[in-house]
């Protein structure tokens, strides 16, 4: 069938919106969109659980990184922080890299197939990580394979709330994305306790079992629904998106924002130990950050539905960078680190809550699947290299100052870098916002 040829809705049959080919469209009123219902909220719960086991697990890499360096059960104490940075970076970077392939599976087999594949891949990756004996085995399992599993799980799922809501789109996506925060809050102390009492291998196996249980519960919550009056296209790659005003600048924002976000996420645990905080309390700081981010994402969604998605995305991103420049850089105690964790985490999680609704605002719901896949591709490089680049910044700063990398002064330039990158990304997004309206108080 020609891409330009319309297909009556009745001929689409029972295939869901998510499984329709990019060559199929429906002849119906383009103004009508779904708004909630039981199946829609079940989809929100499903995405919450899927982000819990994918990005939630990826968010606690800092706990593993510290354990691999100092825990007696570690087989990798001889490896450098830089090497561990690549493992953590790949676990997040590959989570965004496979998005176009996920779209290909969706167009052929429906929404469930890539998610089932993803959940299974995450579980197997964690199991293989538990028996890894060399650095390359660890990189391939807990790094690359885990990231690929996250991609097949997260990228297809995160757009579901935006396709099932209109007025509450940002709130629904914010709640769904908060699963990553809940995962970090719950899993960080569970993993730290498992490492302390059972060792790293069993901590990874426990994570694998949790992934299987929650992942397949989520899959059962994603129900087929009737085809709607807007068809979401899941092309592996849609070049026409780059002709949409504001979208290329939005991708630049996405690139820089994630870089600024990943640096604190990866280095809070090691920074804490550098200023004399115990590993248990460092894990607690990360848990506090994740708890506050959970609240921040939901608040961002509620606020965005009232004030405008892009407006809120700009403000929250700016203040997350400001927190690095005015709080983190001066943190020398557990109390100040807790204050930083609260302020930074409340604002920094906005990208995960609002990036998909913002994409829908810029490109339209019909092209959301393809737009999200391309958007997450721009996140690959910062996700993979933020950790290693951050480690190199610490090493270079220490060398220039003639101090040890365990000296808190070695982190100073890193904190400034994280703050400035986030602020610059928010200023780029201002240009996208001005493309919609130059009125300061208008909802955009």
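Just so it is clear, glycine is given a Cβ too, placed from its N, Cα and C backbone atoms.
Automated prediction, rather than curation, is the source of TrEMBL annotations.
The range from 13-32, 113-132 that TrEMBL describes as transmembrane segment is residues 113-132. Against the transmembrane segment (337-356), the recorded stretches 113-132, 244-268, 312-331, 409-430 differ in Cβ pairs under 8 Å, and the greatest number is found for 312-331. Counted over residue pairs separated by six or more positions, the transmembrane segment (368-389) shares fewer than 3 Cβ pairs under 8 angstroms with the transmembrane segment (113-132), which leaves the two as not touching.
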